[in-house]
């Protein structure tokens, strides 16, 4: 049996690092496809919200950026409301192999939520509201959090979709078990 490629080793290392950084990670099909529970950054209108963010790592990771998307609805100029697709220049255009998965959840996404770019929106309604009616924009975010982004809402969504038994939450694994996965 041959040893894993450098790209595969890097993928495994980055996923384990994300798990060890205390993010709740649910593996879907393999270490290249998983969901991370993401909490709204403090001091932003998104504070108090909780979202599931799907991450798909391409075969050429880390030289090609991961695909990320919100699984439950979020109201934001740079996130498509229907698909959850994130318009994030750092990830989509300027990603380099120097970045890792923790950068996405500890820097890129919090910055995007704190500082939307209404000039290049995926959600035109959110962009217009952000620019012209900021108080209404903040209220709409709060409404979305109450409806779609609470722990209770996530549980209801999981029950409604019938979570697959093949999913395993990495937060349930011991550190030794998580380290074994990178071998």
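Heads up, the Cβ atoms here are built off N, Cα and C, so glycines get one too.
This prediction places the mean pLDDT of the domain 'UBC core' (1-150) at 92. Among the features that Swiss-Prot reports, domain 'UBC core' is placed at 1-150.
If you draw a 10 Å sphere around the CB of residue 60 (N6-acetyllysine), it holds 10 other CB atoms from the protein chains shown. Here Swiss-Prot flags 60 as N6-acetyllysine, drawing on similarity to another entry.
DSSP assigns residue 87 (active site, glycyl thioester intermediate) to coil, not to a helix or a strand. Annotated active site, glycyl thioester intermediate per Swiss-Prot: 87, in sequence order, evidence recorded as sequence analysis.
Annotation comment: Swiss-Prot describes 152-183 as region 'Disordered'.
Here Swiss-Prot flags 163-172 as compositional bias 'Low complexity'.
Swiss-Prot lists 173-183 with the feature compositional bias 'Acidic residues'.
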Cβ-Cβ neighbours of residue 87 (active site, glycyl thioester intermediate) (radius 10 Å): 17
